[in-house]
Amino acid sequence: MSANSPGPIRGSKIGASAPRPDSQVSDAPRFSVNYYCENGHVTKAVFSANIKGDYPEEWSCEKCGQPAGLDAENPPVEPKTVPFKTHLDYVKERRSDEDGERILDEALDKLRNRFGRAR
Ligand SMILES: [Zn+2]
């Protein structure tokens, strides 16, 4: 009877259009941090914004596994072990392709000579 009372609320069905509380969990804000390893790789790590900038100072490089840090100019170094590099990798770094072909030829020659001597 009161003139101030609101009329019936229209279009407020309970159903699919109602926002679900747990949908906000999956939309939690995130931020990414770039980590730089000594090999020049950049690894982007994504953290939940809930940690409020409390992210680690070091991360593992996703490409080479070396420790990666926040400062691109001064990436952390791992003095003890040098993983992911075999002796052959070092050889390849030192030798040009041309050297490699020459060395391969020499090696083949030695093999041929060895076989030749064996007869
Ligand atoms: Zn790396």
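Placed from the backbone N, Cα and C atoms, the Cβ positions cover glycine too.
Annotated region 'Disordered' per TrEMBL: 1-28, in sequence order.
Residues or ranges marked as Zn(2+) binding site in TrEMBL: CYS37, HIS41, CYS61, CYS64. For the recorded site, CYS37 (Zn(2+) binding site), the DSSP three-state label reads strand.
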Across all the protein chains here, work out how many other Cβ atoms are within 10 Å of the Cβ of HIS41 (Zn(2+) binding site).
16
Counting across all protein chains shown, how many other Cβ atoms sit within 10 Å of the Cβ of CYS64 (Zn(2+) binding site)?
16
